[in-house]
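Since the structure comes first, as structure tokens, the remarks are kept for the end.
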Amino acid sequence: MIINFLFYFFSFSLILSSLMVISVQNAVHSVLFLVLSFISSASLLFLLECEFIALLFIMIYVGAIAVLFLFVVMMLDTKIVNIKKDLVKYFPFGSLIGILFSFEIFLLISKNFTSNSYINSVLYNFHTNWFDKLDTLTELESIGQILYTNYVLQFLIAGNILLLSAIGAVSLTLKTKQSSRKQIIFKQLSRTYKNVLIV
């Protein structure tokens, strides 16, 4: 019951964040919604017990590609785009692609339901979980044992390089604010009645 709820929750989060990627006006917010969509898809893969592919999603897509997009957007300093002005121009082509994509999914689902030869047989829905019978060690545990025992030094070096690149990109994009004129306390305290008034 809880697995079904989590599956529908992450599916809805994935669809909503994907729509927000193409509809939000700020480019930085678009990249952050892209990160959210990657995390939602990785969570779906965790629920389907594909831990290795989910970790690849998090490490490669979130940890490298999306962060690279974010740094490029921050360094280019893009302006906020008005999507409502170009909505009429791109809406027919986008809706045509959406209709074709939905039609292909419908054909694929209907073909799978009609062409299954075991749909009325006794062997339908018969499943043997050989994974639990052969080895109970999951992919995540085996990768963790190998990564943190044999390759722990390389893992720490890669983490420090990514941390330095993140700090460098943030320091390059920071803008120092033009503050007002600084107060000089000595000059203010040394003012007298004679040198302030101009007659």
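Note that Cβ sites are derived from N, Cα and C of the backbone, with glycine treated the same way.
Annotation comment: TrEMBL describes 6-24 (among others) as transmembrane segment. Tertiary proximity for the transmembrane segment (6-24) is limited to same-chain residues at least six positions away from its ends with a CB under 8 Å from its CB atoms, namely 30, 33-34, 36-37, 40-41, 43-44, 47, 83.
Per TrEMBL, transmembrane segment is recorded for 31-48 (among others).
Taken from TrEMBL, the feature transmembrane segment covers 54-76 (among others). Remote same-chain residues near the transmembrane segment (54-76) are listed as 27-28, 31-32, 34-35, 38-39, 41-43, 45-46, 140, 143, 162, 166, 169-170, 172-173 (criterion: CB distance under 8 Å, separation of at least six residues from the stretch ends).
As annotated by TrEMBL, transmembrane segment applies to 88-109 (among others).
The transmembrane segment annotation in TrEMBL covers 151-174 (among others).
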